[in-house]
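See structure below.
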Amino acid sequence: MSEEKNYELWLDNYFFKPNFWQKCLAFILLPLSVFYAFFAILNTFFRKKIVFKKPVISVGNLSFGGNGKTPLCKAIAREFDGVFIVLRGYKRKSKGLFVVKNQNEILCTLTQSGDEAMEYAFEENIKGVIVSEDRVKGIEKAFELGAKIVVLDDAFSKFHIKKFDILLESKIKPYFNFTLPSGAYRLPKFYEKRADFIALEGRDFVRYSFVKENPKAVLVTAIAKPFRLYEHFIKARACYFFKDHYEFKKEELENLLKKHNCDTLMLTFKDFVKVKDFGFKCQIIELNIELKDSLREKIKTYIKEFEQ
């Protein structure tokens, strides 16, 4: 078992199903969580509210790690025309604003965009993708390029932007209702009251995940909360988990395939965009979300406000 796999599984256990010693550690770190929460709350005040003349929708979550924001953003883009995605571009090797995609043309490299932005760029229904640390500048650029709707990936905490906030509520909740580092929350849990819509799996959207069993495949992934792929672990000969946004090396993947006498990598699309030029045979784990009427109609109602 690799160090990366140990690290990811330890974090998953610590935040969601801690053992006795991990619970003790969480309480030892509680003073740090109080300081973290204080400064996180301060950061949400004292900024002038910015209002746009077109719809801005945010998809976010309170807890650390992935909850399905990317598939939900894609689902919104499939339902509505003219969607641009604006995101920070976490772990990219660039600074400032980059137009990753504009009207079906990819305009930058993976190192400039980051893996999540490039995953969005390959989605046909998404008309544009922009990465920017400054979300306001990213939104302005998107509308300048012709966006009808801007969807912000992971921007719930950007309370200075007037937007429709969709907060994803995971089926698997953190063990403690503490902020980091004692718990998995990035903002105190009471902040969920500031959401315009709390989206619950099963009630407001349905998640689909599919891949065929392949005994000649090694499942490799670098996503947050890899246990989300649990149902697929038995479909490959071996599984390896790396840190979220990990930059794969061709040689290490070759060694994993040789070690298990396999010829195929089983990956999510987010992982695939980082290895597509390596020349490996790949099998994609399909991760999709379908909106239910409760969420779809709320979004439609919000968008119609701008048509008046």
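Glycine residues also receive a Cβ, built from the backbone N, Cα and C atoms like all the rest.
Listed in sequence order, the residues of the same chain lying 6 or more apart from Gly68 (ATP binding site) and placing their CB within less than 8 Å of its CB are Leu168, Ser170, Glu201, Arg207, Arg228, Leu287, Ile289. Residues or ranges marked as ATP binding site by Swiss-Prot: Ser63, Phe64, Gly65, Gly66, Asn67, Gly68, Lys69, Thr70.
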Per DSSP, three-state class assigned to Gly68 (ATP binding site): coil
Protein Cβ atoms within 10 Å of Gly66 (ATP binding site), excluding its own: 20
Surrounding CB atoms that lie within 10 Å of the CB of Phe64 (ATP binding site), all protein chains: 19
Surrounding CB atoms that lie within 10 Å of the CB of Asn67 (ATP binding site), all protein chains: 25
Under 8 Å by Cβ from Lys69 (ATP binding site), counting only residues of that chain that are 6 or more apart: Val59, Gly60, Asn61, Asp153, Asp154, Leu168
Around the Cβ of Thr70 (ATP binding site), the count of other Cβ atoms that are within 10 Å: 24
